[in-house]
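Engineer: Input: one structure, supplied below.
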Amino acid sequence: MVQIVKNATLVNGTTVDIVIENQRIVEASETTTIQGDVIVDAAGMYVSPGWIDLHTHAFPKYKPYCAMPDQIGYKTGVTTVVDAGSSGADDVDEFYRIAQEATTRVFAFLNISRIGLMRQDELSDLDNLSFAAIQQAVEEYPQFIVGLKARMSASVVCGNGIQPLSIAETFRHKLELPLMVHVGTAPPELNEVLSYMKKGDILTHCYHEKENNHIFREDGSVEPSLLAAIDRGVYLDVGHGSSSFSFGIAQKAKQQGVYFDSLGTDIYQNNQKNGPVYNMETMLSKFLALGYSLEEVIEAVTIKPAEILRKPDLGSLQPGSIADLTFFTVKESSKKLTDSFGTSIDGELLIKAEAVIIGGKYFELEKSD
């Protein structure tokens, strides 16, 4: 069946009709002659490829970092969620079953600790880093597992310092998978963490401001090791979360040309309900308030995360792409937007997710304040 989205306004201002067949994009054209069933007239809304959240906690098993995929996914305008290490090899079977039951597309960065986030110090016991267990999981779920996740902060590694990342680097090399690396309170220090990161890896929480272990030196200049990592192809993910995003660091980064690749939220039940994350539309609105363009913020939840995930049929309106779409509006309305450290800025342009198309179906989203 041929489906058509009429009068879709793209972020570049062009208005097109989007033709879909068998859940794939046929064309997005100002002058289409193809006939089909009009699934929706999108007049008055922007339409983009379906939003991709590169950093979520979509495995509901372990509190506090847990949520059901659809609750943080398509119901908020996000058609693809990527779990960032909630599950390890021991419970990936359970997570995969939950993911398969979701409407939202779900992928996973597998925690390098086989126990996942069963405990918050999952890298304190190196016996839980099992290559055999990870290899078996990757072989079982090659389309689901998109990389490995290592949380490299003091409370997670305890006395093990950089050792878990050194071990993870050997795992990644054997499996030819990217690493997503969480950086926070030292030890280990940012410079040491970056020394293990290769092209295609992802540094998450790139704009945190924790205890002299962030991306700026005391003199205000960017850490040279970060610039070197960017030059060799390491990606930067924001990974907002409850304690990992600073407006001050983000503003300095923009001024000095240290730009994010992906606007991952690090969303889970608590920071969805109580903030400061809430949802992807709030995340995008924060970066509009920081002076980024609509095109820049939407690219960071479509084209760029698809590239990072090595999923070229996502995040695009090119013919042949998967026809996941997000419909949204941008309204002039003043609102206080708050980072993870209690600092607020005024948002004057607010993005609001209105609907999605996923799996060939159109879902209008519930209205919220």
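Positions of Cβ are set from backbone N, Cα and C atoms, glycine also.
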Engineer: Among ASP231, ASP261, ASP266, which is the one TrEMBL gives for the Zn(2+) 1 site where HIS55, HIS57, LYS149 also bind?
Structural biologist: ASP266
Engineer: Looking at the Zn(2+) 2 binding annotation from TrEMBL, with LYS149, HIS205 already listed, which candidate in HIS182, HIS214 is the matching residue?
Structural biologist: HIS182
Engineer: Within its own chain, what residues at least 6 apart in sequence put their Cβ under 8 Å from the Cβ of HIS55 (Zn(2+) 1 binding site), listed in sequence order?
Structural biologist: VAL82, ALA84, MET180, THR204, ASP237, VAL238, GLY239, GLY241, SER262, GLY264, THR265, ASP266
Engineer: Using the recorded Zn(2+) 2 site (LYS149, HIS182, HIS205) as reference, state which further residues of the same chain have their Cβ within 8 Å of the centre of those residues' Cβ atoms, listed in sequence order.
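Structural biologist: After dropping the recorded site residues, what remains is HIS55, ALA84, GLY85, ALA150, ARG151, MET152, MET180, VAL181, VAL183, GLY184, THR204, GLY239.
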Engineer: Out of HIS57, LYS149, ARG151, give those recorded positions positioned within 10 angstroms of HIS182 (Zn(2+) 2 binding site), comparing C-alpha atoms, in sequence order.
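Structural biologist: Close recorded positions: LYS149, ARG151.
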Engineer: Suppose we draw a 10 Å sphere around the Cβ of HIS205 (Zn(2+) 2 binding site). How many other Cβ atoms does it contain, all chains included?
Structural biologist: 27
